[in-house]
Amino acid sequence: MKKIVILISGRGSNMQAIVEAGIPGAEIAAVISNRPDAAGLIWANERGIPTLALDHKAYASRDEFDAVLADKIEGMQPDLLVLAGYMRILTPVFVNRFAGRMLNIHPSLLPAYPGLHTHQRAIEDGLKIAGCTVHFVTAELDHGPVVAQAAVPVLDEDSADTLAARVLKQEHQLYPAAVRAFISGDFALVAGRVRYARPLDESAALRVPG
Ligand code: GAR
């Protein structure tokens, strides 16, 4: 059984999607939040998943917090660390400890729009297609080898909220699928890029307007 540890900061809907996917060969060893009031912690607790709240505000520095967090996670011996709406910048020391076994989901088609307010920025730029990305975590914020991406149309009447909701629906499909693929060894990191062991569908396309 491969062990997955999930880090959240809030609602945890991506964490829920991964738990509910019931990925074969994997168990959720723990859900950890840097915010003790994260709604996702209650959800996980109610389902008997071990939870841990580690309040970053109780630590003097980012280095100190990340060192304690990394030790806690390492003690759980995870095969995969999943960042699911974990809204803290990670120190390079932390990232290096989990290099090659830490995934993140970001609500844009990276490398476009790293950081915050992705949907508002995509709308203001007049994009017709937006989306989300699952990627390996590197020390650079919202960068790293892309594992999977999903795209959605941007509609003329969209607000940041309506676009976020459309993208989030895709996140809930994409992230469990990417975690499942990691657990089954469907892809590998080769020279800093993700390569799949199976051929991918070359006919897939999203045209806007269609
Ligand atoms: C998701 O949309 C995720 O892509 C985003 O935060 C949201 C968390 O929602 N993550 C980032 O912006 C990371 N840079 P959730 O807590 O319901 O999964």
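Just so it is clear, glycine is given a Cβ too, placed from its N, Cα and C backbone atoms.
Sequence-distant contacts of His106 (active site, proton donor), defined as residues of its own chain at least six apart whose C-beta falls under 8 angstroms from its C-beta, comprise Pro114, Thr118, Cys132, Thr133, His135, Asp142. Annotation comment: TrEMBL describes His106 as active site, proton donor.
Cβ neighbour count for Gly12 (N(1)-(5-phospho-beta-D-ribosyl)glycinamide binding site): 25 (other Cβ atoms within 10 Å of its Cβ, all protein chains included). According to TrEMBL, the feature N(1)-(5-phospho-beta-D-ribosyl)glycinamide binding site maps to Gly12, Ser13, Asn14.
Counting every protein chain shown, the Cβ of Asn104 ((6R)-10-formyltetrahydrofolate binding site) has 25 other Cβ atoms within 10 Å. DSSP classifies Asn104 ((6R)-10-formyltetrahydrofolate binding site) as strand under the three-state reduction. Sequence annotations record features per position, and here TrEMBL assigns (6R)-10-formyltetrahydrofolate binding site to Arg62, Met87, Arg88, Ile89, Leu90, Asn104.
The domain 'Formyl transferase N-terminal' annotation in TrEMBL covers 2-179.
Residues annotated as site 'Raises pKa of active site His' in TrEMBL: Asp142.
Among the binding-site residues Gly12, Arg62, Arg88, residues whose Cβ is positioned under 6 Å from ligand 1 are identified as Gly12. Taking the C-alpha positions, the distance from Asn104 ((6R)-10-formyltetrahydrofolate binding site) to Asn14 (N(1)-(5-phospho-beta-D-ribosyl)glycinamide binding site) comes to 11 Å. In the three-state DSSP scheme, Leu90 ((6R)-10-formyltetrahydrofolate binding site) falls into the coil class. Across the fold, the C-alpha of Ile89 ((6R)-10-formyltetrahydrofolate binding site) and the C-alpha of Gly12 (N(1)-(5-phospho-beta-D-ribosyl)glycinamide binding site) stand 17 Å from each other. Cα of Ser13 (N(1)-(5-phospho-beta-D-ribosyl)glycinamide binding site) to Cα of Met87 ((6R)-10-formyltetrahydrofolate binding site): a span of 14 Å.
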